[in-house]
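S.K.: Sharing a structure below in structure tokens format, with a few things to ask.
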Amino acid sequence: MSSMIAVTTTELDERQPLLHNPLSLSNEEVEISNTPSTSSSNASPPPTQRLLSLDVFRGLTVALMILVDDAGGAFPCINHSPWFGVTLADFVMPFFLFVVGVSISLALKKVSSKPLATKKVILRTIKLFLLGLVLQGGYFHGRHDLTYGIDVGKIRLMGVLQRISIGYLFAAMSEIWLVDSITVDSPMTFVKKYYIQWMIAFLFCTFYICLLYGLYVPDWEFEVPSTNLFGYEFGTKIVNCGVKGSLEPPCNAVGLIDRFFLGEHHLYQHPVYRRTKQCSVNSPDYGPLPPSSPGWCLAPFDPEGILSSLMAAITCFLGLQFGHILVHFKGHMQRLCLWSVYSFIILFTGYVFELLGIPFCKPLYTLSYMCITAGASGLALTIIFYIVDVKHFRKPTMILQWMGMNALIIYALAACDLFPAAIQGFYLGSPENNMVRLCFLFGCQPCSVLFLLHGIPPLNKYSVLTR
């Protein structure tokens, strides 16, 4: 008899706090047999286990996020692509969203009370969104500044956790309200059960494409801050557009919608396109502006904006469908084959869109980018599931599993600079002689490498003794 998998949670687990983990959204327990069963059909089902491969995948994503955030400055080749193209760092966000979708399918396999489940989803979405405002809205000033606080008129409204909360909300609501209650016993009933979700995802994609290519972008203006370090005179700058369908940094519909609904001062003020050749002499790294650089190089742009987050939610929907395969299909090899086939189809579709003229672009979250990153997410989950939950090679992945089960804490401490900022709060004589830089003084080589990757300059013994 083929090994079977069945989800044990009926709805969001009462024992878990609503914001236990931004990606581990519920009790992700499944029944997985350790070995193929040879007993009769009357044998008892295998014991319930947590889906460890999902924790490992989540932990691998967190580790990848820390790597590209900290080492991206030293190695621009793994940093986010300045605009068009895909690098290692550009897979982090889609991996997170894909894991969220898979988790939702396990958490909401059976919902006894749709209103109660909806209330819990909304509360969790609000908490996750507010946490993102605190961590990425500008309240904390980073590892080089011991102060904190933000002018509410300039707080950044969107961010990583906010995008995850939006994708989670759409995917969870569709799982609660748009799934047919029929029993899945054939491929046809599988399609009938979830076809409305697929239609919603298709409508999202269509709506996104229509706005991206059909919305007219007029000329617009922005304020150059007086504190800019590029030699520009502060004041109002005008960006000349007057086009439709542009995917370039200054004149795209994604930025237009964010400026209209969020406002210029609530967007990300250090956009990635400042590393393009038009805006940096050190491209693909940050650097001084070229002599003939356009004025829009200093304009704000949010890579986690409203319209791009709508497309990003489709990655959650695709993860949701991979979770449905995990729930309804018997046998490890059957699930692995289906996952592999669908992953390659999605990858191939992404490359076809790119050949048709839709470039890979993470800041815009283009359709081609969504497809290739979602396909890569499916392949990564397939490989990890085979290693961890089929072949049971778990000891080498224990650290990643722990990181995946504590993703929110690690994200806040590492990716949002809370840990290095807290360490720098301890200093000798003056804030410049903090614990971080003292690592260099006393030869703490691991710390030195870590903080160099964080962009913190070294401190020699003479600079300390002369203070």
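Residue positions begin at 1 at the first shown residue.
Using N, Cα and C of the backbone, Cβ positions are placed for all residues, glycine too.
Please treat TrEMBL annotations as automatic predictions, because they have not gone through curation.
The compositional bias 'Low complexity' annotation in TrEMBL covers 33-43. According to TrEMBL, the feature domain 'Heparan-alpha-glucosaminide N-acetyltransferase catalytic' maps to 50-140. Per TrEMBL, the feature region 'Disordered' maps to 28-47. Residues or ranges marked as transmembrane segment in TrEMBL: 91-109, 121-140, 160-182, 194-216, 306-327, 339-360, 366-388, 408-429, 435-453.
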S.K.: Do any residues of this chain, six or more beyond the ends of the transmembrane segment (194-216), have a C-beta under 8 angstroms from a C-beta of it, and if so which?
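M.R.: Non-local partners: 170, 174-175, 178-180, 242-245, 247, 252-254, 256-257, 307, 310-311, 313-314, 317-318, 320-321, 324, 364, 366-367.
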S.K.: By DSSP, what is the split of the domain 'Heparan-alpha-glucosaminide N-acetyltransferase catalytic' (50-140) into helix, strand and coil residues?
M.R.: 66 helix, 4 strand, 21 coil
S.K.: By a Cβ-Cβ criterion of under 8 Å, what residues six or more beyond either terminus of the transmembrane segment (160-182) are in contact with it?
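M.R.: Hits for the transmembrane segment (160-182): 22-23, 25, 93, 96-97, 100-101, 104-105, 108, 111, 114, 117-118, 121-122, 124-126, 128-129, 131-133, 135-136, 189, 192-194, 196-197, 200, 204, 304, 309-310, 312-313, 315-317, 319-320, 411, 415.
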